[in-house]
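Enquirer: Dumping what Swiss-Prot says about this protein:
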- Arg127, Arg167, Gly173, Gly174, Glu206, Leu208, Glu213, Gly239, Val240, His241, Gln283, Glu297: ATP 1 binding site (BINDING)
- 131-326: domain 'ATP-grasp 1' (DOMAIN)
- 400-553: region 'Oligomerization domain' (REGION)
- 680-871: domain 'ATP-grasp 2' (DOMAIN)
- Gln830, Glu842: Mn(2+) 3 binding site (BINDING)
- Glu842, Asn844: Mg(2+) 4 binding site (BINDING)
- Glu842, Asn844: Mn(2+) 4 binding site (BINDING)
- 952-1089: domain 'MGS-like' (DOMAIN)
Amino acid sequence: MPKRTDIKSILLIGSGPIVIGQACEFDYSGTQAAKTLKELGYRVVLINSNPATIMTDPEFADATYIEPITKESILSIIKKEKIDAILPTMGGQVALNVAMEVYESGLLGDVKFLGANPEAIKKGEDRQVFKECMKKIGMDLPKSMYAYNYDEALKAVDEIDFPLMIRASYTLGGAGSGVVYNMDEFKELTNTALALSPIHEILIEESLLGWKEYEMEVIRDRADNCIIVCSIENIDPMGVHTGDSITIAPALTLTDKEYQVMRNASFAILREIGVDTGGSNVQFAINPKNGRMIVIEMNPRVSRSSALASKATGYPIAKVATLLAVGFSLDEIKNDITGTPASFEPVIDYIVTKIPRFTFEKFPGANTTLGTAMKSVGEVMAIGRTFKESIQKALCSLERSLSGFDRVKFEDRNDLVFKIRNANEKRLLYVAQAFREGFSVEELYELCKIDPWFLTQIKEIVDFEEQIDMDILNNKALLRKAKTMGFSDKMIALLVNLKDNLELSQNDIYYVRMKQKIIAEFSEVDTCAGEFEALTPYLYSSINVSELTQSKNDAKDKKEKKVMIIGGGPNRIGQGIEFDYACVHASFALKDMGIKTIMYNCNPETVSTDYDTSDILYFEPIDFEHLRAVIEREKPDGVIVHFGGQTPLKFAKRLSAFGAKIIGTSARVIDMAEDRKKFAEFITKLGINQPKNSTATSVEEAVLKASDIGYPVLVRPSYVLGGRAMRVVNDEAELRLYMQEAVDVSDKSPVLIDQFLDNATEIDVDAICDGKDVYVAGIMEHIEEAGIHSGDSACSLPPCNIDEKMQEFIAQKTADIALNLGVVGLLNIQFALHNNELYMIEVNPRASRTIPFVSKATGIPLAKVATRVMWQGNLKEALKFYDTFKVVNFDTKILRPKTPKYMSVKEAVFPFAKLSGSDLELGPEMRSTGEVMGISKDFANSYAKSQIASFNHLPEQGVVFISLKDKDKKYTKKIAAEYVKLGFKLMATGGTCKEILESGFECELVHKISEGRPNVEDKLKNGEIHLVINTSDSHSFKGDTKKIRENIIRFKIPYFTNLRSALAGAKSIKAIQSKSCLDVKSLQEWLKS
């Protein structure tokens, strides 16, 4: 049937900030949905609090609301925009939960649900209702019981044997779930799960540890046409969250009979749940001992796995699901890649591997064992002709300096057994190492329960290593076999060097391959195993078993101008969706100029790897071997390395030397900006202040240099992103401890030492330069003091406390740096304002993580403007082309946007709830996974919105617990006064309480944990504390501080860990009390105001 005509205006709900369990896969689905609905002529209204998304660009919707995703916001938008229907299935768990909250409020009126109706959502999401539905259609389920309090939960212990699986309902990424083995663990996890479930419901079921896990991506339409888009198999057995498991598509160890049973079961489940206009993900488990198959759960929406399945097959799941939601049937929808009907089930003739990316190194003390609660922050995908090739390419894609199955260290056999038995991010590497140590497939299966087929494949890779020595350089057949098995040039060189004590590089292997014509072949992802011609080139490389003909390896369309954009690889802390946003904008800008675009990336979650973002997509590891192969094939007229973060930037010099034309800022300039010594000399010549700094190549030299500079100092290794291993140290003892624990210092890896400007205000500046003119796009003032990583700091645009004269001075210094450095394109500079003196902290001649925020706040798409400048070289013309809202002031020497009549605030979002044992304290090492944006008429309201959107739900009244480190106690009176003025009662332990009382305010004294009961921990658990202000000395995560912060996370209590944000919070609470922050206004309205 054709599209629905009874609806005109559709509200699309986004997923909010990037968090563990919900990443940028929902920007991919949301962007596809918005584009599809607009093309069909619907009026699209969109809500999402995340500015770093493509879907929140003003052109993708008729009205874009960058607002907290709450029931109140949505009801206000529905009323204001006269919404006819809501599409909640493209924004993950966040969108489903809020949609159900709105539905249950009874205030929706005639507004319809698209994609999945409320009844279907309840059936799919409420574990008890889902269980009843499965029983009705004869599906097998784990033995289980539901509970709504601890007493009810205890009944399960009498009926189901340990170990027990506990799952919280309506949570994200397995939050509140886990396996318990005894009563102590049962009590702790049960109480946590009940607290985390928004409906205080938990499921207690028999453990399925060691069972095989599978997923089916299913689509169903109103006419009951059903297709399986993709089957996915988890290499890790049940017990590891599917988001943290290594997965394979298609499923490889199912028999045909098992597959057909699972396929039919999936269709029956969608029919019973009532999903008839979209896609769903259904998860199964199979007992390897007897073949018993049970249903685990289903998601009645587009999911993380949907994004993977879409990229694995080339089937546009989000677009098809959107079309189904508005009335089309599968046979009426055309597959954009092949032009065939969408009712054809995809067929693939290759193997896809997904490996999750973790960043445990950012969270000392966090539990790194993998379980049923998700912990990964990103993922990579690789495509190969065989499992061996695919898995080795995936390992190379992780950006962990892996060359494949690298050797890993272990203490002894018992340690190796422990590391294999307990799932962790390196488990497959330990499995490979165990084969090298003589373990059998049977022994390893008993330890890890990974299917013997996968273990055998890994063993064959390890066994083949024995054949790789210097003879491979002259043995064409052996070298070809190594390459068809996925061995990288780098790994082959390492193995030869290990055997024969040589010093071969990957280049040496490359030249041998070229001489022997062992060259990468590029194949298409086309959903049909080559049966139909692909209209959209989406490519991966493999080494064929026989020699290639030259025509098979050459790219077509050589006459067209084309530019290759290198993406950022897997999401991780320090390099996230913001960089993919810039890459996508680069592609759009090149298309605007008629340039053919080539996107190169390995992240399946992103918009950049969507089939219609660029003209050609290469899904390959971002390493030199694979980059070189694509550049040799395509021979692009330019390569952009500046938008994908540090990942592509580190290849600038090698690619330039190889002959690739880097457009924009040159490799020489990039290298100079990274060289601290050269760059310090450059800044000194310009007469710009910078903190005293030095480098050290040994511990003793570091101690000497730090003493000369004067404590406190900021220390870090060179060449880092996201402030990794960066720390403020206050004395020699702390410095020696840091040098011992955090870095490996040497002549090749010096440590950088900078004067730390205590209590300074940090400033972020984004600018664009064409060599003649400079556009200072945004001057952002950080809310938190200097010393907290810029990626973790909230910031305001325009600045709140920096006068116009100082802003002009900052703009001038930015222009001086950009013009003298030779920047062509984007530039980010971090300044610090200390005692009214401006200091330059850092310069990055590339896209920064604030580019999306500044673009949204000002209405100028900075990455698009910069791309145009990099290709055509004229900044003013590029600005005029994209200045839709007429915000640029062209009358000044240094170009700047006009001061807006509103305030924008960016706030960071953190993963502490998912990483038990980690501290909330912020510092120079970045720890946030995502961001939100608040826009309103003033700072107080904007900051209030940013706190609501980042899940720090500030109370309007109640008790504030204040605990300040000694250094901060002088500000006690100021903090106390602000919160007393708002009507809050104060509570504190000894020292801080005394300070508050002496300041003239009432304060309830509460015991420290070591002083008796009731103490502060009891008060937190009992819900007697409604807001916590807790500052502590760096790295003092112990005692009371540790217990306080663990309970803050467990009971979701709002908190501040530094004074400036606590003071900003007081202003926000005033706005919340007055309800002024609840006003909603679209981004388009703000930009036109």
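Including glycine, each Cβ sits where the backbone N, Cα and C put it.
Keep in mind that this is a model prediction, so the values were computed, not measured.
Describe the structural surroundings of these features, if you would.
Expert: The Cβ of Val240 (ATP 1 binding site) has Asn234, Leu370, Gly371, Thr372, Ala423 as same-chain neighbours under 8 Å, each 6 or more residues away in sequence. DSSP classifies Val240 (ATP 1 binding site) as coil under the three-state reduction.
All protein chains considered, the CB of Glu842 (Mn(2+) 3 binding site) has 16 other CB atoms within 10 Å. A strand conformation is recorded for Glu842 (Mn(2+) 3 binding site) in the three-state DSSP classification.
Per-residue pLDDT, averaged along the domain 'MGS-like' (952-1089), amounts to 90 for this model.
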Enquirer: Where does Arg127 (ATP 1 binding site) sit by DSSP, helix, strand or coil?
Expert: helix
Enquirer: Using Cα-Cα distances with a 10 Å cut-off, which of the binding-site residues Glu206, Glu213, Asn844 are near Gln830 (Mn(2+) 3 binding site)?
Expert: Asn844
Enquirer: List the residues of the same chain that sit at least 6 positions away from Asn844 (Mg(2+) 4 binding site) in sequence and have their Cβ under 8 Å from its Cβ, in sequence order, or write 'none'.
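Expert: For Asn844 (Mg(2+) 4 binding site), the qualifying residues are Ala673, Leu827, Asn828, Ile829.
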Enquirer: Between Glu842 (Mn(2+) 3 binding site) and Glu213 (ATP 1 binding site), how many Å separate their Cα atoms?
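Expert: The separation of the Cα atoms works out to 47 Å.
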Enquirer: Counting by DSSP, what is the helix, strand and coil composition of the domain 'MGS-like' (952-1089)?
Expert: 71 helix, 19 strand, 48 coil
Enquirer: In sequence order, which residues at least six apart in the same chain have a CB under 8 Å from the CB of Arg127 (ATP 1 binding site)?
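Expert: Expected: Tyr146, Arg167, Ser169, Glu201, Leu203, Glu297.
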Enquirer: Counting across all protein chains present, how many other Cβ atoms fall within 10 Å of the Cβ of Gln830 (Mn(2+) 3 binding site)?
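Expert: Result for Gln830 (Mn(2+) 3 binding site): 19 other Cβ atoms within 10 Å.
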Enquirer: Could you tell me which of these binding-site residues, Glu206, Glu213, Gln283, has the fewest other Cβ atoms within 10 Å of its Cβ?
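Expert: Fewest other Cβ atoms within 10 Å, among the binding-site residues Glu206, Glu213, Gln283, is found for Glu206.
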